[in-house]
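Worksheet for the structure shown next.
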Amino acid sequence: MHVDSNQTITTEFVFRPFSSVPTTRWLLFVLFFLLYIAIVVGNTSIVWVVHTDRALQSPMYFFLGNLALLEVCYTTTVVPQMLASILDPCTTISLAGCGTQMFLFLGLGGTDCFLLAIMAYDRYVAICQPLRYPLIMTQKLCLRLVVAALSLAFLLSLELTALIFAMPFCRRQINHFLCDVPPMLGLACADIHIHQTVLFTVSVTILTVPFLLICLSYAFIGTAILRICSAQGRRQAFSTCTSHLTVVLQQYGCCSLVYLRPKSKSSEDEDRQLALIYTFATPMLNPLIYSLRNKDIKGALRRAVRRTITSHPH
């Protein structure tokens, strides 16, 4: 790999500021901080009720609790550094810090995608093979599926992050608010064709393959629902899937636009805007979607609030 001797190799980075106006920066700081608090509170509430409420001790809610925990970790990987950079645009992140953020962001995001595919499989077994559901979706299998999702996602993340940070970087400002792969490739002073190919391959593995499995699961689910005789039975079966489908479309839609579409000179700003959606909007909406559309979650939250109030009398 040849590097021009006149180029300075960068060992720390700054993120491109959202605004140069101090008042606007403060407003953005408050907005993103409040969104982050909403994400943490909402998803932590889901984790809490799933862990403590006996009525939610089933594979579907086990996976939902893990998804909510992932959302908290995923957002926490990005937001604190982002908030610091909004307040002070001169805030730097080291090469090692940037690599760590990328590794965690890609690993947790990949696990999120795999977990959504696992949740679709869980719904397939529950609706298409209801009598065998307790025999198939055992506690041991559920745990193994989550561990497999984490292991595969972080293995792919490690491979991609190591490949990216083996390159020298000649520019200091990242045109983003996090150390994501596309903007980091734009800072490299080396040939990046191999890296772009590996990024596309990893993106297909993390995004396209799970999405196709989800589509296949829902094709079988849709066929099974249509065979249910009663209208009430069809509504009940369909209602258990709509929340998951809504989350899937949000997650895969935005991520696919960033990682799978052909790159153009004007795409960096669009990538940053899309990244705001899957960093803030999707993790914040997920607990709302699941809690508002699921009577079991709503009941568990009411019972949890009632227990908290009665255990702390005035």
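Heads up, residue numbers simply count up from 1 along the chain you see.
In case you wondered, yes, glycine gets a Cβ from its N, Cα and C as well.
So that you can see what the record holds, here are the features copied from TrEMBL:
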type     : residues : note
TRANSMEM : 26-49    : transmembrane segment
DOMAIN   : 42-290   : domain 'G-protein coupled receptors family 1 profile'
TRANSMEM : 61-83    : transmembrane segment
TRANSMEM : 103-121  : transmembrane segment
TRANSMEM : 141-167  : transmembrane segment
TRANSMEM : 204-226  : transmembrane segment
Using a Cβ-Cβ cut-off of under 8 Å, list the residues of the same chain that are 6+ residues beyond the ends of the transmembrane segment (61-83) and lie near it.
15, 29, 32-33, 36, 39-40, 42-44, 46-47, 50-51, 91, 93, 97, 101, 104-105, 108-109, 111-112, 115-116, 118-119, 122, 139, 142, 146, 177-178, 279-280, 282-283, 286-287, 290, 296-297
Can you work out which residues elsewhere in the same chain, 6+ from the ends of the transmembrane segment (204-226), have a Cβ less than 8 Å from its Cβ atoms?
109-110, 113-114, 116-117, 120-121, 123-124, 127-128, 153, 156, 234, 237-238, 241, 245, 248, 252, 255-256, 259-260
Tertiary contacts of the transmembrane segment (141-167) (same chain, 6+ residues out, Cβ under 8 Å):
1, 59, 62-63, 66, 95, 98-99, 102-104, 106-111, 113-115, 118, 181, 184-185, 188-190, 192, 194-195, 198-199, 202, 205-206
I'm checking region-level scores; what's the whole-number mean pLDDT for the domain 'G-protein coupled receptors family 1 profile' (42-290)?
87
